[in-house]
Each structure stands twice: as structure tokens, then as C-alpha cells.
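Over in TrEMBL, the protein carries these features:
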- Asp67: active site, proton acceptor (ACT_SITE)
- Asn136: active site, for ring-opening step (ACT_SITE)
- His138: active site, proton acceptor (ACT_SITE)
- Glu143: active site, for ring-opening step (ACT_SITE)
- 10-228: domain 'Glucosamine/galactosamine-6-phosphate isomerase' (DOMAIN)
Amino acid sequence: MNICKAKNYQDMSRKAANIISAQVIMKPHCVLGLATGSSPIGTYKQLIEWYNKGDLDFARVMSINLDEYKGLSPENPQSYRYFMNTNLFDHINIDKARTFVPNGLEPDPEKACAEYEEIIRKSGGIDLQLLGLGRNGHIGFNEPADAFARETHCVNLTESTIDANKRFFESEDDVPRQAYTMGIGSIMKARKILVVVSGEDKADALKATICGPITPQVPASILQLHNDVTIVADEAALSKMDI
Ligand SMILES: O=P(O)(O)OC[C@H]1O[C@](O)(CO)[C@@H](O)[C@@H]1O
């Protein structure tokens, strides 16, 4: 694992955006695996800034997002499709028809997940997967569990994740209890993985991810087995480690 120490959230975001830019410049028709949550917002802002300066062209890029709340429509401001449109896609020249997020409105989990795996398979594989890290070590919505889930599946969100994400909803009761997420197997197939981590509340999860045993109780710990992972973390997130 390549650990890159950033001073703060802004520095982390710029470093991560540099890595994504390099990917897009080197392979203009690349497949980007994208993430939601507060961790990547600064990275997306930076990419938009460089796009506006004429440094980046997303016309041939395809994107595949990690996850979506089950039951939320693309127009729902809390949906991850809405998040991606407003935080990135609406501001760059990506072809929206080539941006994919699991279909939160598909009530049949088997159908929703099989369709999404087919999209990943047909894409030819994700070149660079961007990830945030949950406070409990989750990646995508792969929550701590007894076994690693391989493919896209439907999950019941844990109390910790519902608590962490309630800030985006009017009340905790409005947070959906289920989501569709790419599995650990789908994530691990990406050619390169980039993880952005900021803040002291992630320090324990980050330490367990990097130094702990590989266990489905800390889903991100599986990344130790991937051969091309870069973690860009700020000083606060690295505060429990000697790095
Ligand atoms: O970046 P945040 O908001 O701390 O969330 C961490 C992770 O949890 C999620 O919100 C759930 O998948 C991801 O989107 C994110 O990468």
C-alpha cells in the first residue's frame, strides 16, 4: 500500500485529484469508479477547477459509482445519483449516458444487482476506483460482516453508518435502511484503487485498514491484498499511526 500523507482536507483533495487527472490524461477512455460522501467532494471540486481551466477532458470517460440507497429516485437530493450530478457530472463534459449508479428504484435486489454487475463486466473493468472510508471501516456500503461479499448486493445499513449519514437527511428516520453496493470482489477487480481519508474520526478505521488483520469486520482491510492501492490521508486521519 502506498500511503501519501496530506496536511489537511484541501491538500488531500488536491493530491487525489492529481492522481485522477493523471489517469484521465493517460487513458482518455478510462473507466473511473466513483464514490460519494464528504470525503471525495473536495477532489471533485478540484477536478472541476482544472476542467474549467482547460486541463482535463472527460468526453470519453465512463464512470461507475459504488452504491445507491435502495428506494431513492435519481431526483431525490439525498440519492447518490443526485450527489454525483450536482457535485461533478453537471460541471464537466462527461457523457451522462456513460455514468452509472445502481438503480435505487429497482425493488428487486437480485435484478438490480445482476444488472449492475453486467454493466461493470461490459465496461471492460474499472481502471481507477476512488473510495472513501467509513468510520467502521466500510468501503462502498460493504459493512462489517462475517464474510466478504463478492459482487453487487443489497445491504442492511449498520447503526454506525445510519448515524454518520443522518446529517444529510431531515431526520434519522428518513435515512434509508438498505442500499445497493458493489461488493468487495467487484472493488478488488479495479486495476488501481485510490482511497481518500480525512479527519480524526477516521483514525481508528484507517489504522485497522492498514495495520490490522484482514477481516470482514473491517471491510477495507482487504485492500492490503490489492497490488495497486494508494491511500491519501490527512494528518488527523493518520494521527493514530507512526507515519
Ligand atoms: O466520506 P464520508 O461521508 O465520511 O463517508 C464515508 C463513506 O461512506 C459512504 O458514505 C457510504 O458508502 C461512502 O459514500 C463514503 O465513501
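Each residue, glycine too, has its Cβ placed from N, Cα and C.
Structure coloured by features recorded in TrEMBL.
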| residue | record | DSSP (3 states) |
| --- | --- | --- |
| Asp67 | active site, proton acceptor | strand |
| Asn136 | active site, for ring-opening step | coil |
| Glu143 | active site, for ring-opening step | coil |
Overall pLDDT for the domain 'Glucosamine/galactosamine-6-phosphate isomerase' (10-228), taken as the rounded mean: 96
Contacting active-site residues for ligand 1, chosen from Asp67, Asn136, Glu143 when the Cβ sits under 6 angstroms of any of its atoms: Asp67
Inter-residue Cα distance where the pair is Glu143 (active site, for ring-opening step) and Asp67 (active site, proton acceptor), in Å: 12
Pairwise CA distance, Glu143 (active site, for ring-opening step) versus Asn136 (active site, for ring-opening step), rounded so that it is a whole Å: 8
Protein Cβ atoms within 10 Å of Glu143 (active site, for ring-opening step), excluding its own: 22
Candidate with sparsest Cβ neighbourhood (10 Å radius) among Asp67, Asn136, His138, the listed active-site residues: Asn136
